[in-house]
Amino acid sequence: MGGKQDQNEVYGKPAKYDPSFRGPIKNRSCTDIICCVLFFLFILGYIAVGLVAWVYGDPQQVLYPRNSTGAYCGIGENKDKPYLLYFNIFSCVLTTNIIAITQNGPACPTPQVCVSSCPEVPWTVETDQLSQPVGQVFYAANRNFCLPGVPGDMQVLQSLRQELCPSFLLPSTPALGRCFPWSNSTVPELPGISNTSIAQGISGLLDSVNARDISVKIFEDFAQSWYWILIALGVAMVLSLLFILLLRLVAGPLVFVLIIGVLGVLAYGIYHSWEEYRVLRDKGASISQLGFTTNLSAYSSVQETWLAALIVLAVLEGILLLMLIFLRQRIRIAIALLEEASRAVGQMMSTMFYPLFTFVLLLVCVAYWAMTALYLATSGQPQYVFWAPNVSLSGCENVPMNTSCNPMDQPVNSSCPGLMCVFQGYLSTGLVQRSLFNLQIYGVLGLFWTINWVLALGQCVLAGAFASFYWAFHKPRDIPTFPLSSAFTRTLRYHTGSLAFGALILTLVQIARVILEYIDHKLRGTQNPMARCIMCCFKCCLWCLEKFIKFLNRNAYIMIAIYGKNFCVSAKNAFMLLMRNIVRVVVLDKVTDLLLFFGKLLVVGGVGVLSFFFFTGRIQGLGKDIESPQLNYYWLPIMTSILGAYVIASGFFSVFGMCVDTLFLCFLEDLERNDGSVDRPYYMSKALLKILGKKNEVPPGGKRKK
């Protein structure tokens, strides 16, 4: 007797009866004030980083291309000229790649000019046009592709020598704000460059960025089917809500059907493995004949593989059967809690739509970080230097190459052929630029911390609402009028610091995982097998640690919502309470996971099947008003509907899962606090009392003694 008591006290003493306890306490004080102050200071710093990025950053450097003079195409004086034309784009193709072009702007050693439209027909300067004026050859023929300010009376030959006008034009397609030539265009004869290399450059260029046609078709498909996608998402919402509400009636049969289904699948696996093993055994196909091979599919043709599968499946089948026999009482408790959770959700329907508020907050966090990171990445000023295609030519000896210049002053020196002021990069000098990496790290930390805090806020608020449901002695009469808003106000007012504390612990582990993934990605090509094994072990340990912290935080937030204590005390009490009832925890967790998995499968699968039959036009006789639209890619709205259905189902079922966890902790405390007497009646439902073989001595309709 004493040994059993000592064993139970290893995980803390059971909760004692408190006559003043009526559910989530109202007289509470602020918790984890130091972490709350630290969190607010961090948020102020995060806002300051955003202000610094907004002052010094210029996202136009990413959104809009620059011409040779440093002016943006598509805005300002070039508002009607949104595209950038390269005079000789092959100098870019043969020296760099398109990703570098997109990120660094006009870094190609060739002039660039903003144009209203890309060339549509091929053209090359003829020999007899070299002596003609620029106005006649270019402007009069509607070829407005010269640099700004080139006089119309200048000879074409002189403009080509100074690279003020292009010597050829190719049919081009706008992509990423730049004109890229067609792959089937006629390539002119260019000195020093073979037609083969040009064709390869064009092909590679278009393979990388020519997604314009696909993007247009995708946009057209969304424009044609967006309202049908919304209808599919509405169906997913209705199915999710109905599934949760129907659990009050079918939770028990559904759980047993799912368990029997798992047993049936395992039984079939055992039968199939035995048949394969018997056939291969009669043939004498042994692993000794196969030997070692890296072709894993070859092992399916030896008897030892199927014998191992037979043993594993038989062990799993036996374990599951033993669990059903010896844990049937706890499975019944889990089913009753699921039914009670469905009842709680039905009484507080507003909780089902709280994830929308959480989603908006998460969207704000991600959008703020993305904009801050974009502005920080473009905080440097553009730098231009002198460049010439051949510095050994006469007239270029006295030109200071690679020194700073002003692109607005071109042409600088006509004695050096091809001399021009080109973009080199963004300056890294200055306080903001020197601290750019640290500011980006600060932003990433802010992203993780704020996201985890928002998720913690949602869990704590829902826990407070559902706890008020459980600890209402007469349901629904004793349930507070506005349980969700009351829980939100309490949580935000008193427990911001505790939520920030739990979110910070989880954030540090997630940051460590990100750093480890980055190191693994950088060293993947140089690692030996031992190093890869150690790295894999570290990653696995951090993954397990993150899962454990999420589990502990979730239950700590429930205790915070009920008792209003700080994070560490709440986490300790929740952990000890769960360890005192570890078997019930495992059973409830697995039954809930199985049920929610089936619910997601039902919602997502149902929406996916309906979307497939509708968007592929396989549902006939619906009438002209609801005919399936004509689509370029019918799989696009189908996949969008499936993804949206999964997000919606996850949102609804996350609320239901939080409800189950909250009611479960309340149920465990109810067992420890009360004994069913008039002074200490149980708060649990009649179904749970019946399963446990307990009863309340309070007469029907009576009140508990105060």
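Glycine is treated like the rest: Cβ placed from N, Cα and C.
Positions annotated as transmembrane segment by TrEMBL: 33-56, 226-247, 254-271, 306-327, 353-377, 447-473, 494-516, 556-579, 591-615, 635-668.
Between the transmembrane segment (591-615) and the transmembrane segment (226-247) there are 3 or more Cβ pairs closer than 8 Å, counting only residues 6 or more apart in sequence, so the two stretches are in contact. Residues 254, 338-339, 341-342, 345-346, 352, 595, 599, 602-604, 606-607, 610-611, 614-615, 628-629, 637, 640-641, 644-645, 648-649, 652-653, 656 of the same chain lie 6+ residues outside the transmembrane segment (226-247) yet bring a C-beta within less than 8 angstroms of a C-beta in it.
Most Cβ pairs under 8 A with the transmembrane segment (494-516) among the ranges 33-56, 254-271, 306-327 are made by 33-56. Taking every recorded stretch in 33-56, 254-271, 306-327 and counting its Cβ pairs under 8 Å to the transmembrane segment (447-473), the highest total belongs to 33-56.
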